[in-house]
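The structure appears below as structure tokens.
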Amino acid sequence: MKLDGYTRLTAVVANPIKHSISPFIHNRAFEATATNGAYVAWEIEASDLAETVANIRRYQMFGINLSMPYKEQVIPYLDKLSDEARLIGAVNTVVNENGNLIGYNTDGKGFFKCLPSFTISGKKMTLLGAGGAAKSILAQAILDGVSQISVFVRSVSMEKTRPYLDKLQEQTGFKVDLCALEYVSELQARIAESDLLVNATSVGMDGQSSPVPENIVLPETLLVADIIYQPFETPFLKWARSQGNPAVNGLGMLLYQAAEAFQLWTGKEMPTEEIWQSLTEKYQ
């Protein structure tokens, strides 16, 4: 990678963020597409967010990515939001269009792109969890024409989750069904009629636990996805594969949300296959 007076910067802004794999992905992409850009990680305090966003214009950057805790806090500093960012209420990518800062959320698009030969349009989905990743998957599914969504959260989280789903219905006219994870018979019934089952919780990161009981029976054609990629195969995915179901981890979502952002910044397609190779070697 050559750096010179014309190199344009991009960065991921979060706290903590030093561990991020994003610089690895994007700098590979800049190199592979012969784009004069560089991608770094900025770990900042909340009090520096406004100044950091102002620097996108000041230094004529391509833009930035955002992770926790700044995906929502950044919104007041932007000129415009994309449809999905408005629906989700969170931004993970800011694009500098001639000094106009536009907020996007590429997480949901990235998630659906990583599913092998699967389109959500007209399909039924069961989603476990209602945090940031779940919201982006939810909103994107609605924009892409999903026919039914059942969201399962622990009963203690029901009240916290409902206002967001009500807001989604208000904005899109789409009603999402909200259920308690503890009702196993309801979970079984919803999964039995689903085309896609997604774990969007952090359960399984320990390599031990699974978000659903093992006695749940999966329909044959159900695709199972987990947003976790460390461990590479969670107990949830192992269990799905043991029933003969196709199962996908979260590494593809990470790569394809980055590819979406890269295209928004540069107008170029990220060479995802090449980078996927390096990523799987790194994490498998």
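Backbone N, Cα and C define each Cβ position, glycine as well.
The active site, proton acceptor annotation in Swiss-Prot covers K71, and the record cites sequence analysis as its basis. Cβ neighbours of K71 (active site, proton acceptor) (same chain, under 8 Å, six or more residues apart in sequence): A90, V91, N92, N105, G132. K71 (active site, proton acceptor) carries neither a helix nor a strand DSSP state and counts as coil.
In the three-state DSSP scheme, D107 (shikimate binding site) falls into the helix class. D107 (shikimate binding site) has a Cβ environment of 28 other Cβ atoms inside 10 Å. What Swiss-Prot lists as shikimate binding site is S20, I21, S22, S67, N92, D107, Y229, and the listing cites sequence analysis.
The NADP(+) binding site annotation in Swiss-Prot covers D83, G129, A130, G131, G132, A133, I227, G250, and the record cites sequence analysis as its basis. The Cβ of A130 (NADP(+) binding site) lies under 8 Å from the Cβ of V151, V153, S157, K160, T161, Y164, A200, each of which sits 6+ residues away along the same chain. A130 (NADP(+) binding site) carries neither a helix nor a strand DSSP state and counts as coil.
S22 (shikimate binding site) falls within a helix when secondary structure is assigned with DSSP. Following the DSSP three-state reduction, the secondary structure of D83 (NADP(+) binding site) is helix. For the binding-site residues listed here (I21, A133, I227), the lowest count of other CB atoms within 10 A around the CB belongs to I21.
The two recorded residues, A133 (NADP(+) binding site) and S67 (shikimate binding site), have Cα atoms 11 Å apart. Taken over all pairs of the listed NADP(+)-binding residues (D83, G129, A130, G131, G132, A133, I227, G250), the Cα spread reaches a maximum of 24 Å, rounded to the nearest whole number.
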